[in-house]
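So the structure is just underneath, and the comments pick up after that.
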Amino acid sequence: MKDKQIEKLIKLEQKRQKNVINLIASENYVSKDILKTLGSQLTNKYAEGYSKLRYYGGNKFVDKIENLCQKRALKLFKLSSKKWHVNVQPLSGSPANLAVYLALVPFSHSQGKSRGKIMGMSLSHGGHLTHGSKVSVSGKFWKRISYGVNKKTELLDYQEIKKIALKNKPHLIIAGFTAYSRKIDFKKFREIADSCGAYFMADMAHLAGLIAGGAFPSPFKYADVVTTTTHKTLRGPRSGLIFCRKELASKIDKSVFPGLQGGPHLNQIAASAVALKEAMSPLFKKYTQQIIKNSRILAEELKKLGWRIISKGTDNHLVLVDTWMNGKGIGGKEASEKLEKENIIVNKNTIPFDTRSPIDPSGIRLGTAAETTNGLKEKDFIKIAKKIDNILRK
Ligand SMILES: Cc1ncc(COP(=O)(O)O)c(C=O)c1O
């Protein structure tokens, strides 16, 4: 590379990635094929619009790439192209979610029209910023209705969610979280959405790989729309996908382009196609099962060592740990900093009903997807739990 400054920094980052235990729940390590595709000449191409309906010339091959990506996305999640459509152009998870709201939820104009309502889990209980948080455009353009987990069980409380939905009549209800580790009853969410006439959207950003591998229940039977990132458990490039029922396809497509974005990033789309193919392999299925075995043992071991695990365990790739334990332990910020000094990378995280601030919350979030890609198994995660315990108690 001619740019030695950037080359050096890339090398240092490569080295960092090799030398740490990466427990960031939203990260993963992609294959060489995906890296190669991301760095290919596809990055040079502009192709505003959709296959056969572009605003630029020279799309002979990129049309094929986008079509193939769509075909693979539907195939991976066992969806019929008669019933489902997929838009593969969202640049990432946040724009994918925004595009859905833009398509399906009315928003205010200055003439005082009431804003459409989005109902999602509150940020502090494990929802995502784009599920209506007031600091995100999703909470500025639309009115947020929040639900949380039950204080005692720290699990989703479907009766309570239904009560909130019936009282507030949202236009769209979201299931899908950044820091919730248990099973999601998508059927119940469908029933709740039906009871108040709302669309039901599943945001499977964290879970997409697990769902593809059959290691976590699929939302497709119940949802109107499913959004996802491609770079977490799905182990692809940074990108986003929107699956929707066929009758919503035109609205969703128009919302992505020209509603929200310009030219699609074709190198990302091609790399997503590669990741979707990789995820169809029996090896990937095994990988997703191992992710969950690893997170379960990590949760169990930490519990044995005296740490409080939110909701007492996990059904997916992530483990939410209460490190503060009402003042008996240490805060999440201090915990994550101590771990980083010893090359264990995690993120500080609020826990449900947190009494501390998001900048220095009561917990940390751990994920097993990245290190499972590196080949780690249960015995390794027992060692990791012990290491974490040692470091936090120093
Ligand atoms: C549930 C969920 N949805 C959406 C997103 C947004 O994805 P991105 O960071 O790619 O915009 C995330 C990212 O963490 C997420 O966890």
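Quick reminder: no glycine exception, Cβ is built from N, Cα and C everywhere.
Fair warning: this is a prediction, and the values are worked out from it, not measured in the lab.
TrEMBL has this to say about the protein:
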BINDING   LEU123, GLY127, HIS128, LEU129  (6S)-5,6,7,8-tetrahydrofolate binding site
DOMAIN    2-387  domain 'Serine hydroxymethyltransferase-like'
MOD_RES   LYS232  N6-(pyridoxal phosphate)lysine
SITE      HIS231  site 'Plays an important role in substrate specificity'
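Here the features listed in TrEMBL are painted onto the structure.
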residue : record                                                  : Cβ neighbours (10 Å)
LEU123  : (6S)-5,6,7,8-tetrahydrofolate binding site              : 23
GLY127  : (6S)-5,6,7,8-tetrahydrofolate binding site              : 25
HIS128  : (6S)-5,6,7,8-tetrahydrofolate binding site              : 23
LEU129  : (6S)-5,6,7,8-tetrahydrofolate binding site              : 16
HIS231  : site 'Plays an important role in substrate specificity' : 26
LYS232  : N6-(pyridoxal phosphate)lysine                          : 28
Checking the recorded positions GLY127, HIS128, LEU129, HIS231 against ligand 1, those whose Cβ falls under 6 Å of one of its atoms come out as HIS128
Near (6S)-5,6,7,8-tetrahydrofolate: residues not in LEU123, GLY127, HIS128, LEU129 with Cβ within 8 Å of the site Cβ centroid are GLY120, MET121, SER122, GLY126, THR130, HIS131, GLY132, SER133, SER136, THR178
Provide, as an integer number of angstrom, the distance between the C-alpha atoms of GLY127 ((6S)-5,6,7,8-tetrahydrofolate binding site) and HIS231 (site 'Plays an important role in substrate specificity').
18
Looking only at the domain 'Serine hydroxymethyltransferase-like' (2-387), mean pLDDT returns 96
Tell me the Cα distance separating LYS232 (N6-(pyridoxal phosphate)lysine) from LEU123 ((6S)-5,6,7,8-tetrahydrofolate binding site), rounded to the nearest angstrom.
19
Could you give the Cα-Cα distance between HIS231 (site 'Plays an important role in substrate specificity') and HIS128 ((6S)-5,6,7,8-tetrahydrofolate binding site), in whole Å?
16
